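Colleague: Structure in structure tokens, see below.
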Amino acid sequence: MMITKLSRNFRMLSTGAALSLLMMTAPSAFAETPKDTLVEGFAIDDIITMDPGEAFELSTAEITSNSYSLLVRLDMDDTSKVKGDLADSWSVSDDGLTYTFKLKSGMKFASGNPITAEDVAWSFERAVKLDKSPAFILTQFGLTGDNVTEKAKAADAGTFVFTVDKAYAPSFVLNCLTATVASVVDKKLVMDHVKAVTPDAEHKYDNDFGNEWLKTGYAGSGAFKLREWRANEVVVLERNDNYYGDKAKLNRVIYRYMKESSAQRLALEAGDIDIARNLEPGDIDAVSKNADLATTSAPKGTIYYVSLNNKNENLKKPEVQEAFKYLVDYDAIGATLIKGIGEIHQTFLPKGQLGALDENPYKLDVAKAKELLAKAGVPDGFSITMDVRNSQPVTGIAESMQQTLAQAGVKMEIIPGDGKQTLTKYRARTHDMYIGQWGSDYFDPNSNADTFTGNPDNSDAGTVKTLAWRNTWEAPELDKEAKAALLERDAAKRAAIYQDIQKKYLANSPFVFIFQQTEVAGYRKNLKDFKLGPSFDTNFVGPIAKE
Amino acid sequence: MSTVETTSEARPRKGRARAFAKALGRFLFAAVTTYLGLLAVTFFIGRVVPIDPVLAILGDRAPNHVVERVRQEMGFNLPLYQQFFIYIKGILSGDFGNSVLTTNPVMVDIRRVLPATIELATLGTLIGAFVGVPLGVLAAVRRGSIADQVVRVVGLVGYSVPIFWLALISLVIFYAQLRWVAFPGRIDIVFEYTFTPITGLYLLDSAWQGQWDVFYDVFRHIILPASLLGYFSLAYISRMTRSFMLNELSQEYIVAARAKGLSETRVIWGHALRNAAVPLVTVIALSYAGLLEGSVLTETVFSWPGIGLYITNSLQNADMNAVLGGTIVIGTVFIGINLLSDLLYRTLDPRTRNR
């Protein structure tokens, strides 16, 4: 009897459980994303601020370029050129020092305020005086807090005049102005939100130029306006109806923070997101086989490389450096680990930039490498460590190199770590080998040429900490050549100099370049006109529509 | 005679109060030392991990002169002990600093994310208790039977299988394949801008406002993670219920009750379970505290925007103010629930009062 009573209770309990399960299944017609809204799954965990004068992260650049305007932008049809955005036309003075921009007329910010040359001038002044991470892109033209109001100023409401300190190649100056730090902010709106601060040695001005407010606020004029950013959760953009260009087709764009490739794929298949941005090769395969989904790709300016620290006595030898270039199985890596997300590329300028050299002379050649190691006095190899961040494809590439290096007697130990952990060690130059990725700071060959060759002070206390510095390597001749390229005003001649530097670099440098990233996205087929751009800040959402 | 009687009655009462005060004092001392330990350990671990906190403030691509400048500004060049004292001084004045990631004061962030965790853990515990207690009773009453074995196996699985693994598997089954539950997260984006929460507990808020479509959506988001957490607390609760019940069922008063001719239902649910309920309260409370702090992995897998996810994200970004703030809040909740369950235990079971 006791048993029957208990069973009855138990039966009621299980019935309850079954009922609640039923309740969950009832509406199996799954809610899709709204028709007027685009939802992207994207690893946006690098975002730390939305202020265009401060932001320097890859995801932020994409958001900024969709929500702010620039004087000039990269020309999508030929990325070695620029075209006007706010600027209608521009001219360079004969001495190469003064750039005069004429603005288009009748433009407005999202707030409704008119866009004038005064806003452009103040945006430059603000970025220079704030002096945050990306400010060097402007200050390298000789701008300082003291002279910026003179060197970047409005001649009248529709004319902006920019004066540089040397007769740089115009392609260099204009490319730098396409960087997000040169975004134009709404002076009037930002001024309403500036916070008073007490000047000190670090910050000589009595206000914060609206930095605190703009970290999460918005004062732009792009196709979309920023509605909200919640760290590691979501970025919400809304259409800017005051936009002077082609109006965005959708009302709202939502970037949802999703880190994992598999989670993005699940959500894409279920229709909970429209675009998956961080798919790994296996998931790309699955997506491309699904009839409701499609993939698209574009080469990006990001280069993956392995660097050898010259503090290590063995890695310092040029023969060893060359031997390592023969000890990478490029073919296998290209066919498996980076299939669909990158292509083998062995020089420091990414395809698409002015002067990029498309030569991949190295192949896996153990015999040749052994010869070089013998010449270097280490015929039996040696032991070495490599710092590797815990993410694909770098982990896979490191493991592949571990095997190929072993074939020549080099024992490589992998030290895995979190991205910030490996980077901390790399910046302190206490590594042996490091596998890294490098994206140009601005879409001009100087960005990479400078960091891979420049190293004016190789001491630990050196202040210009380029990638060459991080690997304790000096190449004064190459650096000189790169500096000269900056003043070459003929674009074709300038390109030739960079090609020459890359050729010399291939033969002799402690950097083993492996591949250039191809960005891939999976999307639902009801999307129209979705394209990835050639750089991280050219993935525009304005033209996208939904069927 | 009469005086003796009064004193003999008064004495235990006074003694009881003294014992209680002593217990409370002991508890407070333990709480304070636990706190200090928690602070010190988290702070120093946070500072010795080989991650540069300046990278968290500036991002990976900041040029080096800016990195150096900020390091000076933030005082990271000071000796560790000085940084610790500065930090403690801040906490004592109620300032946990700003989160680097969200730019908000840490306490503002925590106030925002805590309700999500509370809602999830509460529902998880409710599921665990409402299923676990009857299961435990069943196993005890039918000791050695197949039902008992099944309950034990269910409990064992709950104990031994890593929660994130089970979470991923259940996501694949219930979300990707069956489509029974919603996409990871707390609420659908459709409602994100039409629904204004009051307490931060979305189930409660949506029901209160009569927004049943929102309620249903929130339910479809919470049910899977809550069931998983419930399963894990169920494993513990059912096992403890079983052993408490076995203990009670072997007592003489049960034999007496049966001899009096009481129905089995009354004997089991009315007498035995009622007595077993006293230690069970502690078990359930502890399991609740455990879910609050242990939901880190579940929250990560289900993108549940609670304090667990907040701490995980902050840790990955070396956002130490946020990590420390979050840890302290969880520690406080844990210590608080411990105290409450202890007091409840004392109130419910008179035998423990003089201990």
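Indices start at 1 and increase along the chain as displayed.
Cβ atoms here come from the backbone N, Cα and C positions, even for glycine.
Straight out of TrEMBL:
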- B:114-345: domain 'ABC transmembrane type-1' (DOMAIN)
- B:23-45: transmembrane segment (TRANSMEM)
- B:120-141: transmembrane segment (TRANSMEM)
- B:153-176: transmembrane segment (TRANSMEM)
- B:218-237: transmembrane segment (TRANSMEM)
- B:272-291: transmembrane segment (TRANSMEM)
- B:322-345: transmembrane segment (TRANSMEM)
Colleague: When each of B:120-141, B:153-176, B:322-345 is checked against the transmembrane segment (B:23-45) for Cβ pairs under 8 Å, which one has the most?
Modeller: B:322-345
Colleague: Report, as numbers and ranges, which residues of the same chain sit near the transmembrane segment (B:153-176): CB under 8 Å and 6 or more residues beyond its ends.
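Modeller: That would be 135, 182-184, 224-225, 228, 231-232, 234-236, 238-239, 294, 297-298, 300-302.
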Colleague: Among the recorded stretches B:120-141, B:272-291, B:322-345, which has the greatest number of Cβ pairs closer than 8 Å to the transmembrane segment (B:218-237)?
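Modeller: Per the Cβ under 8 Å count, B:120-141.
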Colleague: Quick test of the contact rule: Cβ under 8 Å, at least six residues beyond the ends. What residues does that give for the transmembrane segment (B:322-345)?
Modeller: 23, 27, 31, 34-35, 38-39, 42-43, 46, 87, 91, 96-97, 99-102, 106-107, 109-110, 114, 278-279, 281-282, 285-286, 288-289, 292-293, 307, 310-311, 314-315, 352
